[in-house]
Amino acid sequence: MYDNQWREWKPYVSPLDPCPPIRIKRYVVPPNQFIPFQPMNLPQFPLDEALRRGTLWPALYSSYPSRRAPKGG
Amino acid sequence: MWVYEKKLQYPVRVSKCDPRMAKFLIEQYGGSDGELAAALRYLNQRYTIPDKVIGLLTDIGTEEFAHLEMIATMVYKLTKDATPEQLEAAGLGADFVNHGGDLFYNSAAGVPFTATYIAAKGDPIANLYEDIAAEEKARATYQWLIDYTDDVDIQDALKFLREREIVHSLRFREAVEILKADREQKKVY
């Protein structure tokens, strides 16, 4: 579910927390953070796939899985 | 001047009757990091930015209006068949009393749109960093909307919009690099 664009950290958990603790918190670091200026001639998605994904460039693509589980399709 | 294409940038399908989702989606319609704020921010800054990056601001500002249409379509589909009782149950009672079935530029918390959401600082670097931050904030808002809904069709369109924020952020970052480059020196990117 989580690819290498995700980072995780472990927040402090108190024995007095009122709710069941979430022990691992995650955040995404999209690929734009590692490309100061896009180089020429990067590989491209096929056009129909690019239109669906929102970018022509696999190097810029970031997937985002919903934390809400899908119900009923 | 714009040439208008009478279709959405990306197909919008809504497969679940969930007027509550409209209340949250409206954040990207009339909220501080929403598509209206983005379009107005860039299409205003474009006039006074160095000419090498005017076209970028015009292009992205225009695309933000295309995104605004997509959000509007989602909100419309989610609310057009709702009764006043259903709207009230979805937290949209006050919207109904003021606007009937119309959309309005509000945040999810009901704050009306204001021009204070956009900045124009007269300094190209300051403006572009504002724009980069706005794109990352809009990306984050899309993430929380994707997390909130279990409608996979809405998720699909929101994931497309989220990816566009990532691309726009990179393009603004590249604009900063273009403006940083010394004209006298050979540019190596």
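The chain as shown is numbered from 1 upward.
Cβ atoms are placed via backbone N, Cα and C, with glycine included.
Annotated features in TrEMBL:
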| type | residues | note |
| --- | --- | --- |
| BINDING | B:E35, B:E64, B:H67, B:E135, B:H168 | Mn(2+) binding site |
| BINDING | B:D59 | Ca(2+) binding site |
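Annotated features taken from TrEMBL, shown on the structure.
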| residue | record | CB count, 10 Å |
| --- | --- | --- |
| B:E35 | Mn(2+) binding site | 23 |
| B:D59 | Ca(2+) binding site | 14 |
| B:E64 | Mn(2+) binding site | 25 |
| B:H67 | Mn(2+) binding site | 26 |
| B:E135 | Mn(2+) binding site | 25 |
| B:H168 | Mn(2+) binding site | 26 |
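Apart from the site residues B:E35, B:E64, B:H67, B:E135, B:H168, the chain places the Cβ of B:A38, B:A39, B:I60, B:E63, B:A138, B:L161, B:R164, B:E165 no farther than 8 Å from the centroid of the site's Cβ atoms, the recorded Mn(2+) location. B:D59 (Ca(2+) binding site) sits 10 Å from B:H168 (Mn(2+) binding site), taking the Cα positions as reference.
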